[in-house]
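What Swiss-Prot records for this protein:
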type: TOPO_DOM; residues: 1-13; note: topological domain 'Cytoplasmic'
type: TRANSMEM; residues: 14-34; note: transmembrane segment
type: TOPO_DOM; residues: 35-290; note: topological domain 'Extracellular'
type: ACT_SITE; residues: 38; note: active site
type: ACT_SITE; residues: 106; note: active site
């Protein structure tokens, strides 16, 4: 009984509260706010998320805000406890290779060994399993459009039917921007190689082992792996758990918040306490009524 009273007294103290909060942040969940529109369609600017820190193992604990590791990376994989790897199509929170303190959220398009094409039509995926299993694509992507390049079958937009928030602009602006960068000698600003494939200009990349090709659902308004490269497992942080609060921001185009200040900082009640899957159900329901 005395021990329990001591534990209660410690937990009730300022020091105990700080220790408990840090332990939760280190090993269970951490709060983030989405500032940009790269995942619009699924996650919006102003969505405030709890991120599940144990989805892909336990990352090396870091002190919040200053992102200072509290212990060495003994395994050199960014994780205290190694776990599952992100699967294709999952939404993942990570630190991109060109940053040290910023957290991004994108959808994992491809895993190590996969080949990716970005064309004027959109993204194509060649899963590495199909190199040894000729029926792999037919089994796993039965209704998808496919195209043959270099003697290999690639799947067009493999996650778009399952995840309705994924979308492109009509003229695929990002493809033309990348083409312009590549032809003007600015290849250092993109991670994919511009090649001619069967008379068509395409961007190509093969994903390294234990790396992941992360793309925003808002395909034409996203800084992602097309530009700064694939993400190593050591940079993987976790997965979105649920939206605990959501506000419209100045850049909320759907509400014309930039031109109408009264539309800023409005609560999006319908998004609160929804997981990514829950938000996608709302999208499917809205699409069915239009």
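Heads up, the Cβ atoms here are built off N, Cα and C, so glycines get one too.
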Notebook entry, point to check: Rounded to the nearest angstrom, how far is the Cα of residue 38 (active site) from the Cα of residue 106 (active site)?
Noted result: 8
Checklist line | Per-region confidence, the topological domain 'Cytoplasmic' (1-13) (mean pLDDT, whole number) | finding: 63
Item checked: Spatial neighbours of residue 38 (active site) that are distant in sequence (at least 6 apart) but have CB under 8 A -> 104, 106, 216, 217, 218, 221, 222, 223, 224
Next item on the list: Translate the DSSP assignment of residue 38 (active site) into the three-state scheme.
Entry: coil
Notebook entry, point to check: Reduced to three states, what secondary structure does DSSP give residue 106 (active site)?
Noted result: strand
